[in-house]
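**Student:** If you scroll down you'll find the structure; I have some questions about it.
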Amino acid sequence: MRSTILKYLLKNWTWPFLGALVFYGGLLMAYEVVGLSKEIFSMGAPFRWVVPLLLLSVPDNLGMVLPMAAVLGGLMGMQHLTDGSEMVAAQGLGVGMRAIVKPWLIMAGTLLAVGTFNAHVVVPWANSTQQFAQARMVEEARTRFLRPGAPPWFPSTSTGSAVWMAPDGQVHLMEVNSLGVQHLVARSLLWGQSPKGVEKTSINLKMVDLNGCVYHREDASIVHVQEKEHLYAIQVPEVPKLLKATNARFRSTRDLLASTEAEASVELTRRFTLPIASCALLLLGIALGLGHPRFQKGGAILKSLGVILLYYLILKYFESQIIYAKSQLLFPRIALVALPWVFLAAGFLLLRRKLHPHHSNRLQRILPVDAVARLDALRQRGSQICLGFVSKYFKTFVKALASLRSRQPRRNILADWTRSLWWKNWGGVMGTFLALSLLIEYATLAGDLAHNHVSILVFFQYWLWNLPPFLSVVLPLAFLLGGVLALSDAAVSREWVALRAGGTSLAQWCRAGFAAWGGVLALTFVLQAFVAPYAYQQADPLYRQILGRPARSAATKPWMHLGSTGVVWFLDGTARWGFPLKAPGEAFILLKWRMGDVASEGLPWGGMAFEEGPPAFRLFPSRALRESASADSAATLDLFQWQHWAPDPERATLIWNRILNWLAGPCLLFAMLPYAFPSPRGGRGSALGFSLVAGLVFMGLQALFSGAAKAGDLPSAWGVLCPMLLLFGFGLLRLNRLRT
């Protein structure tokens, strides 16, 4: 019997563990795809580099995913045994602590062996190979974005910089920051050598025979520059990770043991503790999943997320203490080593308590429980007497309203019920999103509000004006969650079963609620295409007032290349800085224009003061270019004029996103239809869980394809439509599994 129980427990833990490995691994890999695509598109590298770099990141992600999958796999496996009363029957046959610990030791030993081999052998090799692949990618990328006559290049890691190579080989370097503005022109360009070692990959440009000027904002002084050589380094953006990547990740474990650096100690601790954490969290998940079938509350994913967040937050806290030298004590290093053992001890203690026989509360022998119970009964009696008078008149009022309503003939009962069901669920989802938005915004800006002595009313005003841009992103997800909750609510309460028995089809039911969900789609389109750009204009100055500095991030880059005039403009709020792409002496070296001015100001080559420059209508041929401060705040119709005079794949993607993104909600809901009708006993948890995963996958696909479209590797319309078409195709493939 012991071998049978051993195999049965291992089987019931292994399959959920593998499913959790795919679940959490897929989420991390989707996050990795988004980060890698941003890195590749920002450099202008070919899209084919995504696959090898993604495969080389699998070992590093596997080390972080194993503890996550262990806690969820153990929790779901033991919870399944508990729900089926198998553990109750096994305990009746004498199964105790030893029978559970033995299969855990077997599975934990396997996890420890796999995790240790991956951490000490595979991860250093994969990181070294990935660094070599990134260097190859940089070599290939730098020949794409800088070639004679190509459009100007705007590095994503430095939003205030732009580089352009003229057909004759001259190179223009344009930079704008809080200190000043500079325009440098070099006769030729050489590729600089990348620094050796394990530092961040960078693109190094060596400019020869440099001439230009620097304008200082503080004292409005002008300095002319002439250099023989000028080295300009462009950092490659770092892919975000769950745990901060260290420079020691390329080194072997033997080298790390001999090193005394802070990052080396952190990397070494990760390689030893993460495999142990997998074993500890597996036991903790088993203990959390064990319980009585009558009192089991479910929620395996939420419980596992709580454990994972707690472990990794503590881990990141102590790692930051070591890396940034916030503490010189040995305690952070000891805490990192002891952390998995603490969770292991917690798992043992919790499992022992769950297996311990239940006893009555011994505190009842000494506490005055009877007196407290009498006081509580007296309180309930008093509240009933007080509420009796109020409820009497309230019931009379409700009956009067019901009688008035019953006198009117009821029509379209199905439509009224469907609309109320939709608005109830969609309203609940929107209320949750709005509450989260308010909490996150306030938590982000609370320090700036206090530091800059800004009134709380200004914050609420900013939050209200910032709602349309926020809702334009959230509304497709709210449409999905509201629709899935409405459909699953009707399925669980058996109301949909009654409708189907009465001859109502799913199409008729959806058509009955068209006024509700059609109104949401119309609201989404109006917000994205018309209201959000105007609200952005109103929220931007309030955001600057709260922060006390111009630091608002934009969805598009703050540069505009007007090919008809040969000037590259930096959009600096209400001011604009122009860089004529001409040889020295042929035009102004620098232009300055403020919105509303009739003419611009120009700085001639060798001059020490700005002079009157070309009129605004010559520099900006369209009214839309002169009246909108940026593409984000430009109205949708004006954005077409921007794209006509200054073609840019990023702005084209923004246009198509405003026009077509309202279709994302219906495509998401159509893809999730097979999961939106759970059985009455199954509950709505699975439907909601699948919908959340689908929303995350859609956001990852959207970031991937829109990034390719903004980089010019995909047509802009396809960059917006591809995620929706993939969801629609998935819905068609799964349509035969729809069981209503």
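Glycine is no exception: its Cβ is also placed from the backbone N, Cα and C atoms.
Features from TrEMBL:
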- 12-31: transmembrane segment (TRANSMEM)
- 51-75: transmembrane segment (TRANSMEM)
- 104-126: transmembrane segment (TRANSMEM)
- 272-291: transmembrane segment (TRANSMEM)
- 300-318: transmembrane segment (TRANSMEM)
- 330-351: transmembrane segment (TRANSMEM)
- 429-450: transmembrane segment (TRANSMEM)
- 470-492: transmembrane segment (TRANSMEM)
- 513-536: transmembrane segment (TRANSMEM)
- 655-675: transmembrane segment (TRANSMEM)
- 687-705: transmembrane segment (TRANSMEM)
- 717-735: transmembrane segment (TRANSMEM)
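I'd like these features described in context: how deep, what's nearby, how far apart.
**Tutor:** Counting only same-chain residues 6+ beyond the ends of the transmembrane segment (51-75), those with a CB under 8 A from a CB of the stretch are 13-14, 16-21, 23-25, 28-29, 32-33, 36, 40, 111, 114-115, 118-119, 122-123, 126-127, 129-130, 133-134, 137, 239, 241-243, 249, 270-271, 274-275, 277-286, 288-289, 300-301, 303-304, 307-308, 311.
Under 8 Å from some Cβ of the transmembrane segment (272-291) lie the Cβ atoms of residues 13, 17, 63-64, 66-68, 70-79, 81-82, 87, 100, 104, 107-108, 111-112, 114-116, 119, 300, 303-304, 307-308, 311, 336-337, 339-341, 343-344, 346-348, 350-351, 354-355, all in the same chain and six or more residues away from its ends.
Tertiary proximity for the transmembrane segment (300-318) is limited to same-chain residues at least six positions away from its ends with a CB under 8 Å from its CB atoms, namely 20, 67-68, 71-72, 75-76, 79, 242-244, 277, 281, 284-285, 288-289, 332, 335-336, 339, 343, 689.
If one looks beyond the transmembrane segment (330-351) by at least 6 residues along the same chain, the residues whose Cβ comes under 8 Å of a Cβ in the stretch are 97, 100, 265-266, 269, 272-274, 276-277, 279-281, 283-288, 290, 311, 314-315, 318-319, 321-322.
Within the same chain, residues 421-422, 424-430, 433, 437, 499, 517, 520-521, 523-524, 527-528, 532, 661-662, 664-666, 668-669, 672-673, 675-680, 682-684, 687-688, 691-692, 694-695, 698, 740 sit at least 6 positions outside the transmembrane segment (470-492) and bring their C-beta atoms closer than 8 Å to a C-beta of that stretch.
Remote same-chain residues near the transmembrane segment (655-675) are listed as 472, 475-480, 483-484, 487, 520-521, 524-525, 528-529, 532, 636, 639-640, 643, 686-687, 690-691, 694-695, 698, 702, 706, 716-717, 719-721, 723-725, 727-728, 730-731, 734-735, 737-739 (criterion: CB distance under 8 Å, separation of at least six residues from the stretch ends).
Through the fold, the transmembrane segment (687-705) approaches residues 23, 27, 30-31, 33-34, 37-38, 301, 476-477, 480-481, 484-485, 487-488, 664, 668, 671-672, 675-678, 714, 718-720, 722-723, 726-727 of its own chain, all at least 6 residues removed from its boundaries and within a Cβ separation under 8 Å.
Listed as Cβ neighbours of the transmembrane segment (717-735) (distance under 8 Å, sequence separation of 6 or more from its ends, same chain) are residues 653, 656-657, 660-661, 663-664, 667-668, 670-674, 694, 698, 701-702, 705-706, 708-710.
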**Student:** Let me spell it out: take the transmembrane segment (429-450), skip the flanking residues so only those 6+ beyond its ends count, and list any with a Cβ under 8 Å from a Cβ in it.
**Tutor:** 456, 458-459, 462-463, 466-467, 470, 474, 477-478, 481-482, 485, 546-548
